[in-house]
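A.B. asks: Take a look at the following structure, please.
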Amino acid sequence: MPQTLSASDMVTPGSLSPPTTEPTDGEQAGQPLLDGAPSSASLETLIQHLVPTADYYPEKAYIFTFLLSSRLFIEPRELLARVCHLCIEQQQLDKPVLDKARVRKFGPKLLQLLAEWTETFPRDFQEESTIGQLKDVVGRIAPCDETYRKRMHQLLQALHQKLAALRQGPEGLVSADKPISYRTKPPASIHRELLGVCSDPYTLAQQLTHVELERLRHIGPEEFVQAFVNKDPLASTKPCFSDKTSHLEAYVKWFNRLCYLVATEICMPAKKKQRAQVIEFFIDVARECFNIGNFNSLMAIISGMNMSPVSRLKKTWAKVKTAKFFILEHQMDPTGNFCNYRTALRGAAHRSLTAHSSREKIVIPFFSLLIKDIYFLNEGCANRLPNGHVNFEKFLELAKQVGEFITWKQVECPFEQDPSITHYLSTAPIFSEDGLYLASYESESPENQTEKERWKSLRSSILGKT
């Protein structure tokens, strides 16, 4: 069924080589996790591990894990200020005379950290003050090597391009269409149906994949954390993340839209033979989505066909060859925490890792289940331990799940876009739930007293009839 985005429903770790600083806050050095990473540490120590020196650079996986999870405890702009301050302090960049040999070893590492940060979390740098901090710290090392200034210019140029692309977004990304309640089924001469736009299941599955990847591309990894953020008991600042998950929410709304679009297209035709043809068409589209690795569209199509206004059309379903549909339902069966789907997802992920073509790289997970997995990971483990240390072990697992998703969403779609099809998918009118029931009852009359009473109520509220 269509998904809602509420807290109740939404539900490559690397090694860490510590820099040459002493543990703080009385903590013991070396509380090892996998490959030497700490299972917990104070926030200050974790920040220190992020800061490069002339002889140290943090592991890439540590950088991603900490930048992803740190926003639960400290705002990104404040973290950047702390990192810049530590760099200036440790490398003595505020002195009138710099140790050029030391700075030349440190400079490339600092620029690499800033490049990784701006590349993976560009939204952390939307405020002018953060750009000013970048320019200030790089400006302090620039006298030692003029190429630093050039690299900084390239970094900022790439950042501005990323932010501009994120602001633009695909068609109808954030402001999802509100369902339209038809007063009655429009005449066939007026209503433009999907089969009139695209009658080939494989082509439609490809275009759905296009839409999915385009919308996925705009979801930042930080949105997974910000969707569930609670005020940290040791933090002094108020959480400010309620407006920072717009792309994640829009993607869940897209899933709902596709569910309702499928149901609308099925309930719209006047004749049961035509409705049966539409159902069989969507079964074939769903099968092609499965073969491609587009599990989100697959689940939306199955959910749309399982909506009550569609499933109650018994005379229509009697004309449908359902064997392929039952196979797909079995693959997405929620039994055993979606064990069949998870097996298929692992297979698609393995295929992606060993892919010889861009088509084989495609993995689009059932998104609401991914959100739910992350939600329960967040709810099941405390962010801090009783001693106040950050539970870094939890965030390694969080980063593993989010990092895998980031890899999948960066795949370039190998299918050529058909604007007429993708535009229809994003903008075609759809019934509301009440509109669907009314259309369903008009297609096949109510069978029991409950349905008759609902039909009468809908005719009164939507059509003004008694």
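Glycine too: its Cβ is placed from the backbone N, Cα and C atoms.
So Swiss-Prot says this about it:
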- 1-35: region 'Disordered' (REGION)
- 1-23: compositional bias 'Polar residues' (COMPBIAS)
- 34-164: domain 'N-terminal Ras-GEF' (DOMAIN)
- 200-446: domain 'Ras-GEF' (DOMAIN)
- 443-466: region 'Disordered' (REGION)
A.B. asks: Suppose you look only at the domain 'Ras-GEF' (200-446); what would the mean pLDDT be?
C.D. replies: 91
A.B. asks: Cβ under 8 Å, sequence separation of at least 6 from the ends of the region 'Disordered' (443-466): give me the contacting residues as numbers and ranges.
C.D. replies: 181, 183-184, 267, 269-270, 272, 275, 312-316, 434-435, 437
A.B. asks: As a quick check of your reading of DSSP, tell me how many residues in the region 'Disordered' (443-466) are helical, how many are strand and how many are coil.
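C.D. replies: Secondary-structure composition of the region 'Disordered' (443-466): 16 helix, 0 strand, 8 coil.
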